[in-house]
Amino acid sequence: MVTFMVFGASGNLANKKTFPALFHLFKRNLVDRSSFYVLGYARSKIPIGEFRESIRESVKPDTESKQVFQDFIDRVSYFSGQYDQSSSYVEFRKHLESVEKKADSSKALRIFYIALPPSVYVTVSSHIYENLYLPGKSRLVIEKPFGKNYQSAVKLKEEVHKHWKEEEIYRIDHYTAKDMVNNFFTLRFANSSSIDAVLNRHSIQSVEIHMYETGGCEGRIGYYDANGVVRDVVQNHLTQIFCIAAMNEPKSASASDVRAEKVNLLKATRPASLKESMLGQYTTSEDGKIPGYLDLEGVPKDSKATTFAASTLHVDNDRWKGVPFVFVSGKRMKKGEVYIKYYFRLKDSGIFSDVKRRRYLILHVQPEEFVNLTCTINKPMTTDLQPIDAYASLNYNEQFKDLMKEKRDGYEILFEDAIRGDPTKFIRYDEVEYAWKIWDEILDSPKKPIPYPAGSDGPEGLEAYMKRHLGHE
């Protein structure tokens, strides 16, 4: 029996991501339908009918799924309570126990998912432990961000660890469950004698880790103005991509070995510096149709919140010493895409050393999922040597068309893993701390960010920055 409890059940994240993901687990029979229950908890007083209807609107079940959805929604309940009052949790426990009586509660597994601001993590997790915890049968699932900087992350860990064991805590970063990010782990280490063999300082000149979004900060002003782009996506999403892109091969695919290698990489990475970073903030678009960040309602007119960041990291280990990793991320960019790009070194001697066009391997995460390798071939239908560019490409949507029809959301995958007790894709406490250590210096720069028009390619000087730090034209 699994009871999946959602704290923050009336919030935007729960509505958009959590409940649709739980429904799809149910629909795909990835949980035992006869003993799976979802309990929502929030402060809002919402009638159960209204709560269930909001989930229906979010899931939008098609005709074929209507009966399955009805079976699912019949197993969803809602409880209104305070987050900081023990009496609310005592009453909720009665509700929980009444639900668990419907199945074999001796085999009950309780998943406590906190979809709330980090400021209440300690309070809520403490009350959960004191009132709802079942020894050996409880898992705490926490959303990012895990703190605001290194110091606060350490303090948060210490407070949560007063009650919860590390092996009971599942810290979510949904980027770890994206198909291409997962596939890249396999692509590297299942092909260690070919692909992974050239991913090192001897063959690679530089690496770009890129996340551009076309959307702005509307609806997230309170969060964004206090945090900025580095806290929002660089310290977590892009750093997780970096780990998969640069880690050494683990001893095994076990959670402990995979996470240990990620930590080894982070420990070997020098902290980001303002000197090697470029921070920006979007302004009104050139056509005047998109408002600038400072024009948004609720934004202080002197705000220095960053909506763009480029920063270069260096890894002091044998594999990557001397290879710059350039992270670049921005809101309201001209084109939205996420990718990892390895730039190969040019030949410095021998045949074709006069060919100076840069070759690269790109792993494209979104919006499309594909792998591209550029290489040099001889121009077809010629008798002499005429080297030209060619591309070897693997497009996931084309090659795995049937499988991709049932594309799974990252949250669905992570919730399934949490229920199964597989922590591999979740973030261990030392990963969190080392990641904050890397980015601490550039989190709250006193400098005014460089302006760039919404819908553009970024701040003035970015092209020169990229050429300088990637080490090529």
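Backbone N, Cα and C define each Cβ position, glycine as well.
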Candidate from Lys144, Lys267, Lys301 that Swiss-Prot assigns to the same D-glucose 6-phosphate site as His174, Tyr175, Thr176, Ala177, Lys178, Glu213, Asp232, Lys331, Gln366: Lys144
Largest inter-residue Cα distance among Arg43, Tyr121, Lys144 [record-listed NADP(+) 1 binders, Å]: 21
Between Arg43 (NADP(+) 1 binding site) and Glu213 (D-glucose 6-phosphate binding site): CA-CA distance (Å): 33
Neighbour-count leader, CB within 10 A, binding-site residues: Tyr121, Tyr175: Tyr175
Glu213 (D-glucose 6-phosphate binding site), number of other Cβ atoms within 10 Å: 19
Those recorded positions listed as Arg43, Lys144, His237, Lys331, and which of them has the most Cβ atoms within 10 Å of its own Cβ: Lys331
Distant-in-sequence Cβ neighbours of Ala177 (D-glucose 6-phosphate binding site), under 8 Å, six or more positions away: Gly410, Tyr411, Ile413, Leu414, Asp417, Lys425
Cβ-Cβ distance under 8 Å to Lys341 (NADP(+) 2 binding site), same chain, at least six residues away: Val207, Glu208, Ile209, His210, Tyr360, Leu361, Ile362, Leu363
